[in-house]
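Report on the following structure.
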Amino acid sequence: MKTKLPNFIEIYRQLIATPSISATDSALDQSNETLINLLGGWFRDLGFTVEVQPVPGTRNKFNMLAKSGSGAGGLLLAGHTDTVPFDDGRWTRDPFTLTEHDNKLYGLGTADMKGFFAFILDTLRDVELSTLKKPLYILATADEETTMAGAKYFSESTALRPDCAIIGEPTSLKPVRAHKGHISNAIRIQGQSGHSSDPGRGVNAIELMHESITQLMALRNTLKERYRHAGFAIPYPTMNFGHIHGGDAANRICACCELHMDIRPLPGLTLSDLDGLLNEALAPVSARWPGRLTVGELHPPIPGYECPREHQLVQVVEKLLGRETEVVNYCTEAPFIQQVCPTLVLGPGSIEQAHQPDEFIDTAFIKPTRDLIAQVVHHFCHH
């Protein structure tokens with residue numbers, strides 16, 4: 001049965017050749033259905049049972065869950081099927097043709113992170129799945145690069161409770177156990193325009209925004225004083241004012257002003273707590289100027305994430321790799337998968353190549369990644 005499976009490079013080639021771009025712009029956004037069916041077929045060839053799940057609220061996107069073995073616990077290996085869009089002018093190769101050159105495999109999704117599924121499939125062809133004492137699950141998600149809709153839907157809808165999960169994002173095979181979250185908001189003030197010669201007849205949105213920013217800067221200090229995590233290089237939540245726009249002329253009272261800002265919360269500071277703090281900070285402005293201040297999301301929020309250092313998963317992986325787990329500054333699906341079971345982020349390829357023209361993965365990762373997958377499957381599914 002396993003002979004049906006193409007070789008490692010051919011699997012990789014077909015994954016890269018199947019476009020699965022996710023983008024907020026519907027003109028660039030693509031369904032991942034073809035890729036999901038390709039993966040589903042290969043996992044069935046290995047003897048897995050495969051379930052394909054439409055992801056609600058998306059443009060024809062799907063998750064795939066493959067399962068081998070039965071009982072409680074076990075291991076979940078997870079990854080996303082989508083890639084970012086590419087800038088045609090900056091790529092020197094065809095993004096959808098796997099190109100091997102100078103010990104590197106080039107192509108869109110080679111590192112981030114379609115390639116991870118090639119590593120899983122290639123490793124599992126040599127594993128006798130009938131001997132597993134605990135189940136092995138493979139999760140392929142949709143829309144990680146935009147809304148994380150696939151991972152969110154899985155975590156909200158699944159009844160599965162594996163012992164642990166590994167998400168194969170490109171961490172250069174360094175295990176990651178924590179990262180900050182990310183929220184980005186638009187603060188909008190609706191004033192009342194008028195001629196600057198008669199200030200009393202208008203409501204100046206820029207002045208109200210000044211009041212709002214004063215409140216937000218006080219919140220920034222509160223966050224810095226109240227929340228600490230020594231693991232991070234910047235050990236407190238950050239707040240940034242990134243873009244502001246308002247008004248149209250020096251002699252007009254500004255009718256509208258909008259500020260775009262972001263906050264990067266530490267693990268343990270929940271999105272609802274953060275929302276509460278934000279609303280509390282802006283409440284005095286809203287009270288003074290009813291109906292004039294609104295807060296809207298620019299992107300779906302991502303919570304912070306942390307897998308406890310003392311968890312068995314952390315201990316086992318640190319021992320296998322001979323290195324300690326790290327914390328990072330980028331966001332992944334880990335906070336959502338962590339709601340299902342303890343989760344680490346660990347995979348081949350470098351984050352430096354993700355979202356870059358001429359994206360590649362170094363072939364030096366091939367053997368250690370195969371070894372690692374075989375070891376974690378053996379440890380969590382055979383014992």
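Using the three backbone atoms N, Cα and C, a Cβ is placed for every residue, glycine included.
Residues or ranges marked as active site in Swiss-Prot (evidence: sequence analysis): ASP82 (among others). In the three-state DSSP reading, ASP82 (active site) counts as coil. All protein chains considered, the CB of ASP82 (active site) has 27 other CB atoms within 10 Å.
Under the heading active site, Swiss-Prot lists GLU144 (among others), citing sequence analysis as support. Summarising the environment of GLU144 (active site), the number of other Cβ atoms within 10 Å of its Cβ, over all protein chains shown, is 25.
What Swiss-Prot lists as Zn(2+) 1 binding site is HIS80, ASP112, GLU169. Summarising the environment of GLU169 (Zn(2+) 1 binding site), the number of other Cβ atoms within 10 Å of its Cβ, over all protein chains shown, is 26.
Marked as Zn(2+) 2 binding site by Swiss-Prot: ASP112, GLU145, HIS355. In three-state terms derived from DSSP, HIS355 (Zn(2+) 2 binding site) belongs to neither a helical nor a strand segment and is classed as coil.
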Spatial separation of GLU145 (Zn(2+) 2 binding site) from ASP112 (Zn(2+) 1 binding site) - C-alpha basis, Å: 10
Environment of ASP112, GLU145, HIS355, the listed Zn(2+) 2 site - residues of the same chain whose CB lies within 8 A of the CB centroid: THR83, VAL84, MET113, ALA354
Cα-to-Cα gap, ASP82 (active site) vs GLU145 (Zn(2+) 2 binding site), nearest whole Å: 7
Residue from GLU144, GLU145, HIS355 whose C-alpha is spatially nearest that of HIS80 (Zn(2+) 1 binding site), among the recorded positions: GLU144
Shell of the Zn(2+) 1 site beyond HIS80, ASP112, GLU169, same chain only (C-beta within 8 angstroms of their C-beta centre): GLY79, MET113, PHE116, GLU144, ILE167, GLY168, PRO170, THR332, GLY347, ALA354
